[in-house]
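J.: Shown below is the structure under consideration.
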Amino acid sequence: MNNILAIALGAAIGANLRYGIGLWAAQRFGTAWPYGTFIINLLGCLGIGLLLTLISTRLTLSEPVRLMLVTGLLGGFTTFSTFGYESFSLLSSGNWLPAIGYMVGSVVGGLIAVIIGVGLGRWFGG
């Protein structure tokens, strides 16, 4: 499979997953706080930690499949630009405490999710 097509396929899947989870989070938790982006970015951090650890320890994937999963799927799934805009929106509307909670929670939670993903990858990888 062509690398560009593999990335495009993964990105299409990741973007649609992001859209679906974003809709679900808005219906489930409301839109006063960016729950969808928060959940998506933490799941993406968990996923990249797990996947890259498994690839480096156990899984043998072709270059197109690795690109499809990491660059395409996870790249299309997570969204740093939305995180930046939602942080700005909370700050500019005077919601300082929710904004700080969102920013700190996203960065610290993302790092913790990567650590958990790496740990899971090592555990599954033997």
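Each Cβ is built from the backbone N, Cα and C atoms, and glycine gets one as well.
Grabbed the feature section from Swiss-Prot, which reads as follows:
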- 4-24: transmembrane segment (TRANSMEM)
- 35-55: transmembrane segment (TRANSMEM)
- 68-88: transmembrane segment (TRANSMEM)
- Gly75, Thr78: Na(+) binding site (BINDING)
- 100-120: transmembrane segment (TRANSMEM)
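Describe each of these features in terms of where it is and what it packs against.
T.: Nonlocal intrachain contacts for the transmembrane segment (35-55), taken as residues 6+ away from its ends with a CB within less than 8 angstroms of a stretch CB, comprise 18, 21-26, 28-29, 61, 66, 69-70, 74, 77-80, 82-83, 86, 102, 105-106, 109-111, 113-122, 124-125.
Counting only same-chain residues six or more apart in sequence, the Cβ atoms lying under 8 angstroms from the Cβ of Thr78 (Na(+) binding site) belong to Gly14, Arg18, Ile40, Asn41, Gly44, Cys45.
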J.: Short question: which residues 6 or more past the ends of the transmembrane segment (100-120) have a Cβ under 8 Å from it?
T.: 33-34, 38, 41-43, 45-53, 83, 86-87, 90
J.: May I ask you to report the DSSP-based helix, strand or coil state of Thr78 (Na(+) binding site)?
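T.: Looking at the DSSP assignment, Thr78 (Na(+) binding site) belongs to neither helix nor strand, so coil.
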